[in-house]
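Here the structure comes first, spelled out in structure tokens, and everything after it is commentary.
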């Protein structure tokens with residue numbers, strides 16, 4: 001009996017040692033995600049799913065590591081889109097209203113300036129000989145450094161004068177985007193920029209970033225590509241709409257495209273921040289391609305390839321639709337698509353519904369200016 005008890009004891013010890021090795025290798029092979037942030041839990045609380053056969057052999061002394069839980073989708077709150085919707089409608093209306101007033105004031109100022117320049121031209125003709133002698137003597141009294149500075153300023157002025165009105169307008173937009181890009185490199189400002197210069201439907205601040213995010217780029221390449229496209233189409237869009245109407249379309253396109261992005265993110269539960277001028281630029285690009293569909297476009301690095309503006313717009317819209325359907329997340333395809341559709345709608349219907357019916361607003365503004373005592377307009381009078 002003694003030899004029998006010794007044999008049973010030796011068999012039991014070997015069985016326990018062999019079974020204690022199995023769950024360790026099973027946990028490392030089946031559940032490597034344990035290294036991704038979960039703390040070690042006690043062995044009795046481990047799941048049964050991965051090692052049911054091992055439990056039968058080990059008598060329940062060892063269990064598998066629980067699988068990583070799937071994070072729940074963020075809650076969908078459509079009621080949070082009400083304020084962005086009201087802001088979008090109000091901002092768009094105010095943008096085109098302000099553009100109509102600015103265009104009215106600009107025309108008055110240009111007319112008055114042309115009259116004054118005609119008077120000065122007659123006066124300068126009489127004093128031309130005296131002025132030439134005076135400026136010649138003044139130039140000879142300058143040092144070489146002063147002359148170089150004046151020549152540099154003159155070259156910059158000549159370059160600026162050679163730009164089209166659209167390029168001059170876009171230069172200001174590029175400058176604003178460059179300033180914001182530099183601010184992103186300042187660590188102390190990043191929290192402020194994330195709050196106000198990135199659009200996110202899950203954020204507490206949802207309305208103001210709909211405008212400011214259109215002037216925000218974190219990547220240099222992202223900004224350079226967007227600003228190059230905007231520069232390319234600036235002359236065409238401003239010649240078609242005018243400077244003031246272009247600015248209203250650009251700003252409104254940014255807000256509307258952001259709102260479309262809000263709707264898509266809320267509907268799908270894929271909440272996250274976005275930034276960039278792509279929505280506004282897609283509005284401008286779509287407006288030009290809709291107005292001049294036969295225009296020829298090309299690729300910078302492939303000048304041999306050319307295609308019509310209408311086909312280019314169709315390809316871009318199809319690409320964004322594919323991005324939405326397939327769930328691509330590298331770009332905000334919802335914002336791109338929203339901006340493009342707004343540009344197409346404005347050229348087809350919006351220009352007639354909004355811009356051509358601005359006369360009552362202009363008349364009201366004209367009467368309001370004339371009612372202000374002692375406040376002459378840019379041209380000096382109220383008429």
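From the backbone N, Cα and C atoms, a Cβ is placed for every residue, glycine too.
Residue 278 (active site, nucleophile) falls within a helix when secondary structure is assigned with DSSP. Other C-beta atoms found within 10 angstroms of the C-beta of residue 278 (active site, nucleophile) number 24, with every protein chain shown included. As annotated by Swiss-Prot, active site, nucleophile applies to 278, with the evidence given as similarity to another entry.
Cβ neighbours within 10 Å of residue 336 (active site), excluding its own Cβ and spanning all shown chains: 28. Among the features that Swiss-Prot reports, active site is placed at 336.
What Swiss-Prot records for 39-52 is compositional bias 'Basic and acidic residues'.
Summarising the annotation, Swiss-Prot assigns compositional bias 'Pro residues' to 66-75.
Taken from Swiss-Prot, the feature region 'Disordered' applies to 35-75.
Residues annotated as topological domain 'Mitochondrial matrix' in Swiss-Prot: 38-83 (among others).
If you look up Swiss-Prot, you'll see 105-168 (among others) marked as topological domain 'Mitochondrial intermembrane', on the strength of sequence analysis.
Per Swiss-Prot, the feature topological domain 'Mitochondrial matrix' maps to 190-219 (among others); the stated evidence is sequence analysis. Secondary structure by DSSP for the topological domain 'Mitochondrial matrix' (190-219): 14 helix, 1 strand, 15 coil.
Per Swiss-Prot, topological domain 'Mitochondrial intermembrane' is recorded for 241-245 (among others), and the stated evidence type is sequence analysis.
Feature annotation from Swiss-Prot assigns topological domain 'Mitochondrial matrix' to 267-271 (among others).
If one looks beyond the topological domain 'Mitochondrial intermembrane' (293-298) by at least 6 residues along the same chain, the residues whose Cβ comes under 8 Å of a Cβ in the stretch are 236, 305-310, 312-313. Look at Swiss-Prot and you will find 293-298 (among others) tagged as topological domain 'Mitochondrial intermembrane', backed by sequence analysis.
The annotation topological domain 'Mitochondrial matrix' is assigned in Swiss-Prot to 320-334 (among others). Long-range contacts of the topological domain 'Mitochondrial matrix' (320-334) within the same chain: residues 260-261, 263-265, 270, 274, 276, 278-279, 340, each at least 6 residues beyond the stretch ends and with a Cβ under 8 Å from a Cβ of the stretch.
The topological domain 'Mitochondrial intermembrane' feature in Swiss-Prot is assigned to 356-383 (among others); the stated evidence is sequence analysis.
Residues annotated as transit peptide in Swiss-Prot: 1-37.
Annotation source Swiss-Prot lists transmembrane segment at 84-104 (among others), citing sequence analysis.
What Swiss-Prot lists as transmembrane segment is 169-189 (among others), and the listing cites sequence analysis. The list of residues near the transmembrane segment (169-189) in space but at least 6 beyond its ends in sequence, with Cβ under 8 angstroms from a Cβ of it, reads 163, 197, 215-218, 220, 223, 226-227, 230-231, 234, 238, 243, 246-247, 250, 277.
Touching of the transmembrane segment (272-292) and the transmembrane segment (84-104) is ruled out by the presence of fewer than three CB pairs under 8 A, sequence neighbours closer than 6 excluded.
If you measure from the Cα atom of residue 336 (active site) to that of residue 278 (active site, nucleophile), you get 6 Å. Long-range Cβ contacts of the topological domain 'Mitochondrial matrix' (190-219) within its own chain (Cβ-Cβ under 8 Å, at least 6 residues beyond either end) map to 74, 80-81, 83-84, 87-88, 91, 173, 176-177, 180-181, 183-184, 226, 251, 254-255, 258-259, 261-262, 265-266, 271-277, 279-280.
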